[in-house]
Amino acid sequence: MTMDMISAILVSGLVLGSVYALMASGLSLVWTTLGIFNFAHGSLMALGAYFAWTMTDAAGLNLWLGAGVAIAVAGMVGVGILIERTVIRPFYDDKDILLITVMTTLAVMIFLEKGIQFMWGARLKQLEPLVPGQVNLIGTTISAQEALIIVLAPLLLGALWAFLRYSNTGRGIRAVGQNPAAAKLIGVDVSKLFILTFALSAALAGLTGILLGSVRFITPTFGAEPLVKALIIVIFGGLGSLSGTIAAAYIIGVVEAALIFFVGIYWAPSMLFALLIAVLMLRPQGLFGKTVR
Amino acid sequence: MPVAFNMKTLAIAAVLILGLLVPVFVEDTYVRHLFIIAFIYAIVAASWDLSLGYAGIFNFGHVAFFGIGVYATGLCAKLLGIDPWIAMLIGGVVASAAAAVVALPVVRLQGIYVVLVTFAFSQLVLQFVISQSQITGGTQGLVRVPTIELFGYNFLRDYKFGYYYVAFALLVISTLCLRFITRTDFGLSIRALRDNEDYGLARGIPIGLQRLKVLVASAFFAGIAGGFFAIYLRVASPEVFNFSTMALILSMVLVGGTSSIYGPVIAALALTFISEGLANVDGLAEGRFMLVAIAMVLVLLFFPKGLVSVFGKRAGKSGA
C-alpha cells in the first residue's frame, strides 16, 4: 500500500464522512429531541437541492448563487415546519408514536419523491459549484466543491454543537430531549422547540443536498442512498448522542472509501451491512450508544 | 356461539365460491390481471401483518423478502433451469433464509433500531440486485422468466384463466395458514410478547426464538408470493423494492387494520383496484403514489385501527 493509495482513501473518505455527518446529525437531533425517526430526511435533502436549482439555474430564476442557497434553506425551514405540523404533531400523545411516525414520515418521503418528479421531471440536474476549480489535498486532487464540503461540515457541526451547548434555545432543546415533562414544568415551551428542532434538521438536510448537488447529479431519489448510509451510521453510533453520530459518520465514510477501493463499488454496500450486523451482534446498542430509548 | 360460527362459515364459503366464479363471469383479461395482482399483494400484506401486527416486530423489510422471492424464483427458473413450480417454493425458502439472517441482529434489538436494520436491509438488497447486473439484469430487470405448466396445460392460454386459479389457491392457502398460525399456542405467545414483553418473558417464552420464527414464517409467504409474481409477469424487476411498492402494501396493512389477517386481504383487493384504476388516469401513473401517501396519513390520523373496523368488523378483537 503506497502513500498515494492511503491519501486517496483518506480524502474520499473525508468527503463521504462529511456528507454523512451532516445528514446523520439532523436525524440524530430530531431523534434525541422529538423521539421520532424522520424517514423523509433523504427526500428533504433532494428537495433542498431542487429549490436551490430553481433559484440559481439559468432555466430557473437565475439568481446569484449565495442568494439562491439562502432562499432554498429558508424554504426548507418552511417545509420542515409544515411537516412537523401535519404528520408529527397530531401523534405526540400517542403511545405508538414511534411506529406511527415511522409510517407518516415514510409517507412524506413518497410524497416528496413523487412530488419532485412531478414538479421538476426525472431528468438529471446539477447545481453550479459554490467554488469552482480543483484542489490538491495531501497528494490527491479533488474538486474545490468537495474540499469545501470537507471544510464546511466541521464548521456547521461545530456551530450546531455550540448552539446546543451555549445558547438558551439550544439548552432548551437538550432539556426537552432529556425530559420533556420536567422541561415543561420549568417553563420551557416544548411545542415551540419541537418545531424549531425539526425545521433546523430540515434546513440541515437541504443544505447537505445543496452541497452534494454540485458534486453528484440531482434526481428525485437523490437522497435515498445518503439516507441509507445515514441509517447505518446512526445504528453504528447509537442514535442518542450527536458526537457518537458524527464520529460514526467519519468512520463509516473512511471504511466505505477503503471498501470501494479494495472490493469495488458493487460489493462495498453489502460488506458494510455485514459489518453492521457483526457490530450489532456484539453491541446491540451501537458502537457508542448507551441505552436504547 | 354456534349461530355466529355458522354465519361465519357461511360467509367464508360464500367468499370462496364467489372467488372461484369470478373468472367464469369476468372475461376481460385486464380485470383478471388486476385480481391476480391483488391476490399476490394480499398475501404479502397479510403475511406482513403476522410480523408487524401480531408479533409487533417493527419489520420494514417485508417487501424486500417479497423481492427476494421474485429474484430467487426468477433466477432459479431462468438460469438454473429449475421447474418453475419448484422455483416458486425455492423463492419462499430463500426469503425465509434471508429473514433468518436479518433476524440475527433484529431479535436482540428494540424499537427504532429494528426499523432501521430492516429498512437498511431492504435498501441494500436493492443495491445488490442492481449492482450484480450481469446476473440479475440490473435496472433493466430479469426478463423472459419461464412460466409454469401443469399436466401439459400451458398457463399462457385462455386469457389468464389458469393463472387466476393458481393465484386464488395461493391466497386461500396462505390465508388459512396465517390464520392457523395466529391461533396456535405459538400465535398466542407472540401476541403475549407484543402486549407485555416482561410478563411473557417471565412466563418463560423464549423471545428471541419466537421472533426469529415469526420473521422466517412471514417471509416464507412473501417469498412464495414473490415467486408467483415473477412466474406470472415473467420478469423480475428491481421496482419491487421501491418505496412506492412498500408504501402501497403498507397502506393495505394499515387500511385493513393490523392484527387481522382478513383485514389486509380485503384492503389489498380494494386498494389494488383503486390504485390501478388511478394509474390509467392521465398524469396519475406516478402521482397516485402521492395519493397513497396522503391516504396513509389520513388513515393513521382518523382510523388507527384500520378502515375495515369502521364497517363493524371485529378487526381489533385479538387484542390490538
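Including glycine, each Cβ sits where the backbone N, Cα and C put it.
Noted in TrEMBL for the protein shown:
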- A:31-51: transmembrane segment (TRANSMEM)
- A:63-83: transmembrane segment (TRANSMEM)
- A:97-116: transmembrane segment (TRANSMEM)
- A:147-164: transmembrane segment (TRANSMEM)
- A:193-218: transmembrane segment (TRANSMEM)
- A:230-252: transmembrane segment (TRANSMEM)
- A:258-282: transmembrane segment (TRANSMEM)
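Sequence-distant contacts of the transmembrane segment (A:97-116), counting only residues of its own chain at least 6 positions beyond either end whose CB sits under 8 Å from a CB of the stretch, comprise 35-40, 42-44, 46-47, 50, 83, 87-88, 91, 220-221. Here the transmembrane segment (A:230-252) sits apart from the transmembrane segment (A:193-218); fewer than 3 CB pairs are under 8 Å, leaving out pairs fewer than 6 apart in sequence.
Panel annotation: around the transmembrane segment (A:147-164), residues 14-15, 18-19, 21-22, 25, 29, 130-131, 135, 137, 170-171, 173-174, 204, 207, 211-212, 215, 242-243, 246 of the same chain, lying at least six beyond its termini, place a Cβ under 8 Å from a Cβ of the stretch.
Just going by CB pairs under 8 A, the stretch in A:31-51, A:193-218, A:258-282 that sits most against the transmembrane segment (A:63-83) is A:193-218.
Sequence-remote contacts of a segment are chain residues at least 6 beyond its ends whose Cβ falls under 8 Å from one of its Cβ atoms, and for the transmembrane segment (A:193-218) they are 15, 19, 22-23, 25-27, 29-30, 33-34, 38, 41-42, 44-53, 69, 72-73, 75-81, 83-85, 88-89, 92, 124-130, 143, 145-146, 148-149, 152, 156, 160, 169, 172-173, 176, 226. Counting same-chain residues at least six beyond the ends of the transmembrane segment (A:258-282), those with a Cβ under 8 angstroms from any Cβ of the stretch are 5, 8-9, 12-13, 232, 235-236, 252.
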